[in-house]
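Worksheet: the structure to be examined is printed underneath.
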Amino acid sequence: MNKGECAASAVKGKTPVEVAAPAKGRAPSSASAGGTGSSGAKESLFERVPDSARLAWPDIAAILSGVVSSLSKLMGGGIVAFYAGCQLGGVAMAITFALSFVLTYLVGKITFREGLPNNVASRLYIFGTKGSAVGSLIWIFLLVGVLAVGTVQLGNAILYAFGWDATWERWALFVGISCVWIFMALFGTKVIARMNAAFVVALFCVMGYVVYLIAANGQMGDALTHGVMIPGVEVGQGFAYGVNYAIMTSGLLALFAADFTRYARKESDLVPIAGVGSLFAVITYLFGALITYFGFSQAVEYFSAQGYDATGAAHAAITNPGISLVLAAGGVGLAIICLSQMKVETSNSIGGANAVTNLFDSLFGVKLSWPVAVVIANAIGLAFILGNILDQVNAFMSFGSILTISWCMLLITDYYIVRGPLKIGSRGVPLASVEIVNWRGVVTLAVTSVVNMVLYSAGIVSVPFLTTAPMTVALYLVLSLVFKTRVRENEKARLEKVA
């Protein structure tokens with residue numbers, strides 16, 4: 001057992017803020033308060049956060065606000081509004097806010113109390129040590145997929161703004177952008193929080209300018225009241241697609257936020273953190289819907305000239321909000337896009353690198369240095385781009401919502417119910433005493449995901465959350481109750497061995 005694990009066993013059952021900082025292992029350095037600094041400081045990924053490394057809630061909220069105010073979220077606003085129409089799109093946003101808040105708060109409370117990021121905390125509660133590799137692979141594919149999509153969206157905006165169309169220019173730009181994400185991810189969390197706060201303000205200023213242009217052109221009424229705008233899509237079908245897309249981001253936000261809520265100073269801070277993050281997600285969706293509408297016609301013309309059919313051009317116009325911003329605000333829009341994506345993709349790089357680090361440690365017992373983990377995460381994203389598989393990544397995002405919702409519900413069920421009132425297992429155990437694989441969690445995630453993916457693909461279920469959440473809770477509870485004696489005995493033996 002290492003120093004951090006010894007300290008963890010000594011304070012079992014207490015929240016991090018109830019224990020003096022020196023008793024909780026080596027703290028991250030000032031350059032890596034988010035686990036984002038030097039390789040040595042990155043060992044804190046597997047140690048509970050000391051008081052000295054904790055952040056005020058506005059800093060954490062700034063990180064979440066920066067992540068959700070991205071081109072991907074602007075794209076999401078366009079997708080929801082254009083597929084569902086404005087009125088039903090508003091309903092989808094209300095559902096998203098409520099679900100995002102609840103999931104972010106409940107999952108964030110777990111990582112706050114444990115002082116560990118979501119991939120490592122998931123070792124304790126639903127996957128086990130080597131089983132957590134499953135979660136890391138999911139997280140790498142989804143979060144690094146989002147990173148790659150954001151890189152392409154930014155790159156497309158730059159290519160459009162400067163009129164570049166040569167293949168070598170395209171690939172050189174994507175490689176260069178990826179190098180920027182790697183460099184920025186080596187800064188500390190406090191620096192990233194301050195940068196996010198500044199760039200969020202700048203981004204919303206330019207988006208406010210675009211909204212002004214919409215109003216000045218007399219388009220505000222239509223922009224806020226239009227119906228379904230994708231050819232061949234019915235209202236019910238579009239609403240289901242929009243709700244599912246929005247809910248997908250709720251699971252992603254909760255799991256992403258869990259990497260940073262562990263740095264909160266007190267548990268009550270989680271309420272404003274979850275509230276601000278969820279609110280900015282909805283506001284960004286709204287701006288995305290307006291901006292996409294404003295530049296829609298010109299963007300459709302642009303993509304039609306690239307050889308897209310009517311439906312393909314409409315979809316491409318929605319999924320490339322950067323081009324709409326350039327059309328609306330010119331060079332100012334491009335500058336803000338670049339600055340905005342720096343904060344977003346830096347945070348995505350951090351989350352992806354956390355998953356890469358946990359993957360190597362869980363499978364091979366190798367603790368990667370932080371720069372190496374960041375490079376690997378971005379290299380995977382670049383491979384997605386160069387391999388031309390982003391369409392497949394985007395298509396998988398609907399199934400990704402099933403995985404992330406099931407993951408969140410597993411954490412909530414295990415922590416608050418199974419290890420709570422049912423007392424099947426303990427909370428706050430040291431990492432050294434965690435089982436190799438928690439088959440109850442792995443089987444539940446696999447079965448629930450496969451079943452609901454089949455139901456969704458077959459068109460039997462339009463919004464998989466409605467079946468995924470209750471199925472996850474029910475199956476995990478049944479397995480835990482059936483094997484409760486074995487679970488308790490095995491845990492007792494592992495704790496005695498560690499002691």
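Backbone N, Cα and C define each Cβ position, glycine as well.
TrEMBL has this to say about the protein:
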COMPBIAS  21-33  compositional bias 'Low complexity'
REGION    21-43  region 'Disordered'
TRANSMEM  60-84  transmembrane segment
TRANSMEM  90-112  transmembrane segment
TRANSMEM  133-159  transmembrane segment
TRANSMEM  171-189  transmembrane segment
TRANSMEM  196-218  transmembrane segment
TRANSMEM  238-258  transmembrane segment
TRANSMEM  270-296  transmembrane segment
TRANSMEM  316-339  transmembrane segment
TRANSMEM  368-390  transmembrane segment
TRANSMEM  396-418  transmembrane segment
TRANSMEM  439-459  transmembrane segment
TRANSMEM  465-483  transmembrane segment
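Remark: the transmembrane segment (60-84) makes no contact with the transmembrane segment (439-459), by the rule of 3 or more CB pairs under 8 A. Outside the transmembrane segment (133-159) by six or more residues, the chain places 70-72, 75, 118-119, 122, 126-127, 165, 169-170, 173-174, 177-178, 181, 252, 255-256, 319-323, 325-326, 334, 337-338, 341, 344-345, 348-349, 351-352, 355-356, 358-359, 362-363, 377-378, 380-382, 384-385, 390, 393-394, 396-397, 400, 403-404, 407, 442, 445 with a CB less than 8 A from a CB of the stretch. Long-range contacts of the transmembrane segment (465-483) within the same chain, counting only residues at least 6 positions beyond its ends with a Cβ under 8 Å from a Cβ of the stretch, are 99, 244, 247, 401-402, 405-406, 409-410, 413-414, 417-418, 422, 424, 440-441, 443-445, 447-449, 451-452, 455.
The list of residues near the transmembrane segment (439-459) in space but at least 6 beyond its ends in sequence, with Cβ under 8 angstroms from a Cβ of it, reads 125-128, 131, 134, 398-399, 402-403, 406-407, 410, 414, 467-468, 471-472, 475-476, 479-480, 483, 487. Count of Cβ pairs under 8 Å against the transmembrane segment (396-418): among 90-112, 238-258, 316-339, 368-390, the largest is for 238-258. For the transmembrane segment (316-339), the residues of the chain that approach it from at least six positions outside its boundaries are 71, 74-75, 78-79, 82, 153-154, 156-158, 160-161, 199, 202-203, 205-206, 209-210, 213, 288, 291-292, 294-296, 298-300, 302-303, 306, 308, 394, judged by C-beta separation under 8 angstroms.
Counting Cβ pairs under 8 Å that are 6 or more residues apart, the transmembrane segment (238-258) and the transmembrane segment (90-112) reach 3 or more and are in contact.
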